[in-house]
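Below is one structure; the comments refer to it alone.
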Amino acid sequence: CWSLSLQGNEVTAKTAFLFILPQYNVSVPTADSETVHYHYGPKDLVTILFYIFITIILHAVVQEYILDKISKRLHLSKVKHSKFNESGQLVVFHLSSVIWCFYVVVTEGYLTNPRSLWEDYPHVYLPFQVKFFYLCQLAYWLHALPELYFQKVRKEEIPRQLQYICLYLVHIAGAYLLNLSRLGLILLLLQYSTEFLFHTARLFYFADENNEKLFNAWAAVFGVTRLFILTLAVLAIGFGLARMENQAFDPERGNFNTLLCRLCVLLLVCAAQAWLMWRFIHSQLRHWREYWNEQSAKRRVPAVPRLPARLIKRESGYHENGVVKAENGTSPRTKKLKSP
């Protein structure tokens, strides 16, 4: 199925060009006859696999033509070089994702109408750009797993990166499969904006270690973002979906609006935000502890006493105004050479 049609009308050329692989979709008639909506299915795995290869190619292009050229000029160590490559790749990804996600949220009207995040649930039928965004997000974070081997990441860094990759995969796949795509878009927009600021600050720090102003800005934004994400999740899931009339568990129709499902989703979101906040506080405390240890070490170093510049003691005496004096203050006598 290389082209999708609805009542004899073919899908636009842009859709056919981007979705070149077969899709499991459900088309629904709307006021605009050219609009086609999609539904997730097992064939999405084929599309995700295709875009995993595309993402690996783009990853290699960014690494070779941008990051490698910059890192050669900076002359970084092996540890900083690995972190520079990681932050460089994530800056490109987060910047493109923030722009794309913001465009989707604005065009679909989710920002102007916050009640649309939970109204008309379940949101089974997705617009093309929403479905395509989620598939590309899943493809990117799945491609990050083999990249750990291709980039030769150190063994000490692998557990930390695996935690973040799995955390993103669980949240993105959960929002996509539980038909919470609208809420997931807003939460990803907030999260990616914070991550973009953090990795940008790391790049500036690697270029100049005295440049730490962006880290202070990120620290302020990080706490506010955690508060916004928790508030929005509780508002949409805890209050919005709880007031919906249809609260029957029906996987065939995509309805997961039950008390147990809502509690599980809220628990997952709250636990993830609490874990991120704990790691943030722990890193800040460690940074401040190291800073104060350095300051206290500088204060404990005793000052080296300096002798007067005009009096420099020697083995046989000392110099005063350019004349060698003995220890008793008299000038030493010059010895006469005996003639042979």
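Glycine is no exception: its Cβ is also placed from the backbone N, Cα and C atoms.
Record features (TrEMBL):
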{"type": "DOMAIN", "residues": "82-291", "note": "domain 'TLC'"}
{"type": "REGION", "residues": "321-340", "note": "region 'Disordered'"}
{"type": "TRANSMEM", "residues": "48-67", "note": "transmembrane segment"}
{"type": "TRANSMEM", "residues": "88-112", "note": "transmembrane segment"}
{"type": "TRANSMEM", "residues": "132-150", "note": "transmembrane segment"}
{"type": "TRANSMEM", "residues": "162-179", "note": "transmembrane segment"}
{"type": "TRANSMEM", "residues": "217-239", "note": "transmembrane segment"}
{"type": "TRANSMEM", "residues": "259-281", "note": "transmembrane segment"}
- Task: Any chance you could find the range in 48-67, 88-112, 162-179, 259-281 with the most Cβ pairs under 8 Å to the transmembrane segment (132-150)?
- Result: 48-67
- Message: Counting only residues 6 or more past its boundaries, what in the same chain has a CB within less than 8 Å of a CB in the transmembrane segment (48-67)?
- Response: 20-21, 84-85, 88-89, 92, 135-136, 138-140, 142-143, 146-147, 150
- Task: Check the domain 'TLC' (82-291) for me and report the mean pLDDT.
- Result: 91
